[in-house]
């Protein structure tokens, strides 16, 4: 059935017609067919002169009258295709086009935006019809044989001769496709604009502007209509800071007193939302009746009745919207808002989904603007709304992405490698990547948050473009080996060092000139001259750093830019490297590098080339990786400038994949390639399949508060999760340093009941035997000889005959060797307990992770992995205390901490799948975003009599006459300490709840609305 503009007007005058088209599932149950007259009718006869003939939509309901076809009644409304407007050019970071005219008065702006809805007849709110089980999904219900009288048959033939029926699509308008053996009889193009608007409203705004608006002129007009999803457009325009959006939102904030100068600005937000124009068919009382089943309804009702009583007396929808807004503000998480939306989708509710989503976008816009204006309000509410809307707009892909066959290893650790990648259901973001075919010379960036399926995206990309040849390169050998198992045959998986070894490194191995370990200050000290100035060990450190910086750079020669800026003197004090010392460092480094490069060099003096050294030689040879159409660079955020130079010198296409917030190897010379390298195309993966909203919120808040990332938000799926103390599955303890790893291992191994532990990476890599050797070195020589304590490590054994433990400690301080200093600290702390602890840790340690009760490790070792439950140690960045505490140290500034430290914390948090136990410092960090784990409850539900405030050192008591009370939820920290939570007094709430406080405390009724 085709609908013209006249048909839509006629349809708007019919409740049955409008509701059948826009809400086909919400029809009143009846014995008859509620869609009678609306189902497409297949033509039985065509008359040449009747092209363009279409009857008024109301004529299809006049079943009692004989229909007469009059050719040429309607004009041909076919739309001529136009050249695409560059206004809709594809650029993910480009601002969303302005489709709404600027208005000086925000109230009129809101009214104009909803004029299209307010002047149309509202939708029906009847119950959905009964589904027939025997109906075929793709076709019509099986029709029973009917005996027709011959005279009736003749009448039907005459009607067929007289009535001209225009070709129409199938009953589903092509939305469900067709059987393989059927010829399509229609498509989505045949749907009326009213239905297309309802469909388009559910799509992400990026798809609307970068895909749908480019299909045809008709769709572009729909998307660009200022009456079409105005708040959704405004929200995304405000996020990218379009001037028009900034002005409009600022006007709204001023008109409704949503500013920092107004203590009750949150009430202004509610008043603003309550003014949203609503369809006349919406019955506010029926909607409120649907909401009564929600646990937040009674709290919102008490709040609005006491704070904004004038809204309750109005007969319009203002009170309804105020209740909904209060419920959103009181929501404890994403699921509260999802339940709210479910209540509003009940048959008794006459609100459309678009009405609800537009309201949520309105609230989200105002909340986001409040934080931008530094108004004290938690970021949790905005995050909950954004998360809920994101899942709704991407509803077809919110299920877990990869189905992995369970193995003993996968039960405790998942790293998303799977042989079932054919089961992958692509997200909108992933599909956009697959829609782009890489060309020669293109540089494509894929900015992928933690757990967003970047590997499976690359696998599907290679499968789609099977005619192309790809090279997948990474830094980790194990990752490359796993890649060979999951990528199709047109992908070659290598590490950068393996490529360099095949070309350069193998030559040095054959000559015995390959050193598989890194340069150390100790080894370099034997290759340099003992000159006046720095001590031999300190200069060995600065020269080794100069070489490492040169290896990581893209430069061809060693220069002073590669020398370190700081060094530690013999007293452990940081000093600037003088120009003279820089000159000496360059001279010594050049001499070592010249001897390293010689294949026939002096092996006895140990001028052996390192792995980074032959990688540097390979880079300087300007290699060309021929035979590939494109290169996948995994973990691109960890690329050094030398590797970047190799990649960018290729003529084929390049796809850089990684998470810029997981760069934790800058100390090795890595640069954040995803920020520094120019690109031709950029895509984002923001939805993680690893965790649910609770853990996703913590990760997103770290990026928000610590790194200022707000334009792209990390979200997860619908999985259950917890961050307040629950534990499920295998427990993993992640820390910043190996010192804490040893402490945790010692505590667990020292328990009476034997506990099986596994240190991620293994005991050898952890260096447990070196710790034992350092303890042996710390013992007097006669004691070592008496107890037959033999030092096995060659480096530590060298100090046995020289300066002993004191000399080793002095060396570690001078060369600033963090790992060695950490091991010495362990020995000094545990002293004589070291042999016992080492023995217990070794006996408790198991090789297989699946056999362990606890997994222990550093973030660097756990990068790329995921675990059921993660405990965050308290050795990360120390955030002193929450912002409401007057004793907080004022010198703590977020920006003073290195970015790598925040990245480490972000990586640690995003390893968790189900449960996350936070440190107290991490809880304090969330408090900087206004999140204190508070909940508003009815006083009657909480306590019957007045109770004391649960805050320590607070002596106030809650008043017994108040209707609402704020409760701090209990929380267990990763170190085992418990915050029991409890009810808070007014002054304590005011410190923590910020601008939300007026909603929770009701001192007096406001009989009249506030005049602005």
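Each Cβ is built from the backbone N, Cα and C atoms, and glycine gets one as well.
What Swiss-Prot lists as region 'Disordered' is 1-54.
Per Swiss-Prot, the feature compositional bias 'Polar residues' maps to 12-27.
Helix, strand and coil residue tallies for the domain 'F-box' (185-234), in that order: 33 helix, 0 strand, 17 coil [DSSP]. Taken from Swiss-Prot, the feature domain 'F-box' applies to 185-234, supported by sequence analysis.
According to Swiss-Prot, the feature domain 'UvrD-like helicase ATP-binding' maps to 427-692.
Feature annotation from Swiss-Prot assigns ATP binding site to 448, 449, 450, 451, 452, 453, 454, 455. Counting Cβ atoms from all protein chains shown, residue 454 (ATP binding site) has 23 others lying within 10 Å of its own Cβ.
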Completion exercise
Among the binding-site residues 448, 450, the one whose Cβ has the most other Cβ atoms within 10 Å is 448
Practice task
State the three-class DSSP label for residue 455 (ATP binding site), counting H, G and I as helix, E and B as strand, and everything else as coil.
Solution key: helix
Problem - Env. residues of ATP site, Cβ within 8 Å of mean position of 448, 449, 450, 451, 452, 453, 454, 455 Cβ - result: 659, 685, 688, 689
Completion exercise
Cβ density check for residue 452 (ATP binding site), other Cβ within 10 Å (all protein chains) comes to 27
Completion exercise
Averaged over the domain 'F-box' (185-234), the pLDDT of the predicted model comes to 89
Exercise for the section: Look at each of the binding-site residues, 451, 453, and point out the one with the fewest other Cβ atoms around it within 10 Å. Expected result: 453
Handout entry: Mapped DSSP class for residue 448 (ATP binding site), helix or strand or coil
Key = strand
